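If you check TrEMBL, you get these features:
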- 82-392: domain 'Glycoside hydrolase 35 catalytic' (DOMAIN)
- E229: active site, proton donor (ACT_SITE)
- E303: active site, nucleophile (ACT_SITE)
- 451-550: domain 'Beta-galactosidase 1-like first all-beta' (DOMAIN)
- 574-633: domain 'Beta-galactosidase galactose-binding' (DOMAIN)
Amino acid sequence: MSSPLRFSPCFSWKRMMSIFFLPFISSGFIPRQNYNKDCLLEEAGLPLQPHRFNWSHLTPLELKDRSVGLQTASTACGKPHFTLEGHKFLICGGSIHYFRVPREYWRDRLQKLRACGFNTVTTYVPWNLHEPQRGTFDFFGNLDLEAFVLLAAETGLWVILRPGPYICSEIDLGGLPSWLLQDPSVKLRTTEKGFIQAVDRYFDHLIARVVPLQYRRGGPIIAVQVENEYGSFYKDRKYMPYLQKALLERGIMEMLLTSDGEKEVHRGSIEGVLATININSFGKDSFRYLHRLQKNKPIMVMEYWVGWYDMWGDHHIVKDANDVKNTVSEFIKFEISFNVYMFHGGTNFGFINGATDYGEHRGVVTSYDYDAVLTEAGDYTQKYFKLRKLLGSVVALPLPPLPKLTPKAVYPPVKPSVFLPLWDVLPSLDEPVIAHQPVNMENLPINNGSGQSYGFVLYETFICFGGYLRANVQDSAQVFLNETNIGFLNDVDQKLNIPEIRECQLLRILVENQGRVNYSWKIQGQQKGIVGPVTINGIILEDFTIYSLEMKTSFFERLRAVPWRPIADSHPGPAFYLGTLEAGSSPMDTFLSLSNWTYGFVFINGRNLGRYWNIGPQETLYLPGAWLHPEGNEIILFESSESGFDIQTTNIPKL
C-alpha cells in the first residue's frame with residue numbers, strides 16, 4: 001500500500017478530476033462502503049475533510065465495559081487508525097513526568113492537560129530513583145507512580161507508560177541506577193547476564209504495580225513502551241525482544257510500542273510491536289523510514305519536541321508557538337496520533353540532572369522548563385492557548401474550564417546570618433572510607449554496598465612535596481592544601497601545578513558529580529569521583545581518607561547540631577550558609593534569585609532545589625509554595641566558591 005502521507009505536487013489527471021467531481025459523486029455511481037470522498041482525498045495525498053472528534057464516551061471514567069483496549073484497524077479505503085474498545089480513536093498525548101513535579105501539583109498539571117483538549121498523558125519511569133540501592137525500592141511520596149496513574153484516570157486521561165529500563169529523559173545515566181557501574185563487566189542495555197538480572201529483579205517489582213492499572217483491568221494504561229530509542233544505541237539485537245518477553249511474562253497485556261528517531265526506527269523496532277517515532281518538525285520525509293517498516297499501521301509520533309532542554313553555559317532554547325500549533329494542526333489534519341514532549345517539563349530537583357559529552361562534559365540545567373506548553377511552574381503559555389483553541393475546534397463537546405493559575409509571591413530578601421565551612425562538618429559525617437588508592441563514587445563501600453549516586457566526594461591524603469598533580473576527576477574538582485584553594489581540575493584539565501612546600505600538608509580534592517551522560521554509548525563509562533590513581537610528578541599518592549557528601553535529608557539534621565559561625569564578611573567556600581525565608585501565613589510559589597552568589601545548591605527545609613551557577617543561562621530556581629511552611633523556613637546554601645550577601649525572590653523566572 002502506498003504511504004498514507006504524500007506531498008507530491010504532481011497529481012495524475014485522474015486524481016485531479018476525481019477531486020473536482022467529488023461534489024457530484026453519489027452512492028448510485030460508487031458504493032459508499034468501498035470508495036468514498038475520504039478515500040479519494042487519501043489517494044490524492046490530501047488531508048481528510050475536517051470533522052469533530054467525539055471522545056466523551058471514551059474516557060477512563062465513562063468507559064466501563066472493556067474487552068479489547070487500544071488496537072489498530074483500517075477504514076474501508078485502507079487507511080489505518082487506532083481504535084479504543086472498537087471506536088476510532090486519535091491519541092492526543094502530552095508528557096508530564098511525575099518525578100519532576102511536586103506531588104501536591106499533580107492534579108493541577110493533569111487538569112490543565114485535560115482542559116487543553118488532550119486525552120492522554122505519557123510519563124517515563126526512572127529506575128534510578130525507584131531503586132536507589134540494589135534491592136531497596138521507593139514508590140512513595142513524589143515517586144508514587146500508582147497514585148499518579150490513578151489520578152490521571154480520575155482526571156479523565158488515558159496513560160501511556162514508558163518504564164524503561166533506560167529512559168534518557170535528560171536524567172542522570174538515562175534513568176539507570178549508578179550501582180550498575182560498580183562492575184565494569186556489566187554491559188548496560190544488553191542481554192549481558194549482570195544487566196539482565198538487575199532488570200529482571202526491577203521489573204518483578206515494578207510491573208507487579210503496573211499490571212492492575214492496565215485498561216483491561218479497569219485502569220487507564222492503554223499502552224506500554226518497550227525501552228527507549230534503542231535504535232540509536234543498538235548494541236545487542238537480542239535485547240529488545242528480551243524486554244518485550246519480560247513485559248509479557250509479567251502480565252502486560254495492553255499494546256506495546258517502541259520509540260525511536262525517524263532514521264533509527266528500523267533498528268529499534270521489534271517484530272509484532274508497533275513502532276513510533278520522535279520528531280522535531282513535520283516534513284514530507286518525516287515518516288519515510290517508518291512507512292518502509294510498517295505500511296499497514298497507524299502513525300504515532302511518540303515525541304513531538306515543542307521545545308528543548310538547556311545546558312549550563314549555553315543559551316535558553318525556545319520554539320515559536322505558531323510553529324508548534326501549525327505542526328499539531330498537520331497531525332490532526334492527517335489523523336496522526338501524537339504526544340507533545342513536553343507538555344509540562346517541571347524541574348530537575350536535587351542532583352538528578354543528566355549531561356552530554358561530545359568532547360566535553362556539560363550538565364543539563366536545574367530547570368526542565370523545556371519551553372513546554374506549561375511553564376516549569378505550571379503557568380499557561382502562548383503555546384497552551386493556541387493548542388487549546390486548535391483542539392477545541394476539532395472536538396465535539398466544549399473543553400473543561402481552565403484551572404486557576406497558581407499564585408506567585410515575592411518574599412523579603414534572606415540574608416544568611418551564620419555559616420559553616422565544609423571542614424567543620426567533617427567530624428559529624430559517617431566514618432570516612434580509608435583506602436590505599438582513591439575509590440570512585442559508585443564503588444565506595446556505603447549504602448548497603450550500592451555506593452554513592454550523587455553529590456560530592458572529598459579525598460584527603462598528606463603530601464610532602466610539590467610538582468605536577470594529575471588526577472582523572474569526574475566531573476569537576478577543587479584542590480586544596482589544608483584549607484587553601486590552589487586550583488581546579490575537571491574532565492578535560494586533569495593537571496595542576498602544586499607549589500613547593502616546606503613541610504607535609506593535607507592535600508584535599510573535592511570532586512562533584514555534575515550529572516552522568518544520559519544519551520549515547522558513553523553511558524557505559526560514567527563512573528564519578530576520582531577514577532584511577534593520583535600522582536605528583538609521576539609518583540603515585542597513597543593512603544586516602546574519603547568522605548561521602550551525598551547531602552541527604554539526614555545530613556542536614558546533623559548540621560543543626562554543629563556550631564555555626566557568625567558571618568562577618570564574604571567568605572570563600574566551600575561552606576554552608578543558613579538563613580530564614582519568611583513566607584507568611586499562606587505560602588505561595590516563588591523563584592529564588594542568587595545573582596550575587598557563584599555556584600552551589602539550595603536546600604529549603606531539607607529539600608534540594610537543585611544547582612545554581614552564575615554562568616547561566618538559568619538565573620532563578622523554582623521554589624514550590626507546597627514545600628514551604630507558614631512563616632519561617634530554613635534555607636541553606638552550599639556555596640563552593642565566593643559567598644553572596646543575600647537571597648532575593650521574584651515572581652518571574654529568568655531562564
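The backbone N, Cα and C atoms fix where each Cβ goes, glycine too.
All annotation found in TrEMBL is predicted automatically rather than curated by experts.
Between the alpha carbons (Cα) of the residue listed as 'active site, nucleophile' and E229 (active site, proton donor) lies a span of roughly 11 Å. Non-local neighbourhood of E229 (active site, proton donor): C168, S259, D260, G261, E264, G268, N278, each in the same chain, at least six residues away, with C-beta under 8 Å from its C-beta.
Taken residue by residue, the domain 'Beta-galactosidase galactose-binding' (574-633) breaks down under DSSP into 3 helix, 32 strand, 25 coil. Take the CB of the residue listed as 'active site, nucleophile' and look out to 10 A: across all protein chains shown you find 25 other CB atoms. Mean per-residue pLDDT, taken over the domain 'Beta-galactosidase 1-like first all-beta' (451-550), amounts to 97.
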